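Take a look at the structure set out below.
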Amino acid sequence: WIMGHMVNAIAQIDEFVNLGANSIETDVSFDSSANPEYTYHGIPCDCGRTCTKWEHFNEFLKGLRKATTPGDSKYHEKLVLVVFDLKTGSLYDNQASDAGKKLAKSLLQNYWNNGNNGGGAYIVLSIPNLAHYKLITGFKEALTSEGHPELMDKVGYDFSGNDDIGDVANAYKKAGVTGHVWQSDGITNCLLRGLDRVRKAVANRDSSNGYINKVYYWTVDKRQSTRDALDAGVDGIMTNYPDVIADVLNESAYKAKFRIASYDDNPWETFKN
């Protein structure tokens, strides 16, 4: 999965997919009542990027729905996964469940079209704080009470705080999550970070009793760091330059071992070769 980083304006969906992304990451900010409000990152952000592009969240979802609904004029067949980077740092811990419920209702209405031929991409809810695990339970409760528990089949999870792997496992236990787990590791492109924790996450993924299904590394903009991440065995790379990642995947060393994921590749299944 080549994951386009910080795609917060509808026009950027086309831009990143056309550069080679088959997945995008979108920031979601919340208002003081825990409603998802804008797709917005703000300052500071990655080096070399404009930090202030934004849409109203529900409007972004409508644009995203068009991009992921077969038959629509804006449809991109290769856009198969969307990571919502949920900026819950503005919320009190006790608002996490409400944020999950409100997020689910927004998605149900504006993305999934109330279960009627809505957008088809897989969705990862990426949460920066382990204490906010109830966002997951709230999300699930809302979809169930709205009569669409089947949509949870399209939803996965990530805790993005670079926490200890054991602590992350514990948070999932509390949330009742037993699958659909993506594990991120990384840092802004302005700084360097080693691959030690990535290797631990990959080892967990590949062990018989691990909780992780997929591992992704962020934010990677250079060819050598792309090669290093691929050598470590990641499933996804988040980047500001999808074309760089695509180029490296075309190198003879990687062409035989990796391919770009399509809609038929289940992002919740651990890859066994």
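Here the Cβ of each residue, glycine as well, is placed from N, Cα and C on the backbone.
Look at Swiss-Prot and you will find His5 tagged as active site, backed by similarity to another entry. Listed in sequence order, the residues of the same chain lying 6 or more apart from His5 (active site) and placing their CB within less than 8 Å of its CB are Glu25, Asp46, Arg49, Trp218, Thr219, Met238, Thr239, Asn240.
Secondary structure at His41 (active site, nucleophile), taken from DSSP and collapsed to helix, strand or coil, is coil. If you draw a 10 Å sphere around the CB of His41 (active site, nucleophile), it holds 23 other CB atoms from the protein chains shown. What Swiss-Prot records for His41 is active site, nucleophile, and it gives similarity to another entry as the kind of evidence.
For Glu25, Asp27, Asp85, the entry in Swiss-Prot reads Mg(2+) binding site, with the evidence type similarity to another entry.
Cys51 (disulfide bond) carries neither a helix nor a strand DSSP state and counts as coil. Sequence-distant neighbours of Cys51 (disulfide bond): residues of the same chain at least 6 apart with a C-beta under 8 Å from its C-beta are His41, Gly42, Ile43, Pro44, Cys45. What Swiss-Prot lists as disulfide bond is Cys45-Cys51 (among others), and the listing cites similarity to another entry.
Residues or ranges marked as disulfide bond by Swiss-Prot: Cys47-Cys190 (among others). For Cys47 (disulfide bond), the same-chain residues 6+ apart in sequence whose C-beta sits under 8 angstroms from its C-beta are Thr188, Asn189, Cys190.
Under 8 Å, Cβ to Cβ, and six or more positions away along its own chain, Asn250 (N-linked glycosylation site) finds no residue. What Swiss-Prot records for Asn250 is N-linked glycosylation site.
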Can you name every residue in this chain, apart from Glu25, Asp27, Asp85, with its Cβ inside 8 Å of the center of the Cβ atoms of the recorded Mg(2+) site? His5, Met6, Val7, Asn8, Thr26, Val28, His41, Val83, Phe84, Leu86, Lys87, Ser126
For the disulfide-bonded residues Cys45, Cys190, which one has its C-beta crowded by the most other C-beta atoms within 10 angstroms? Cys45
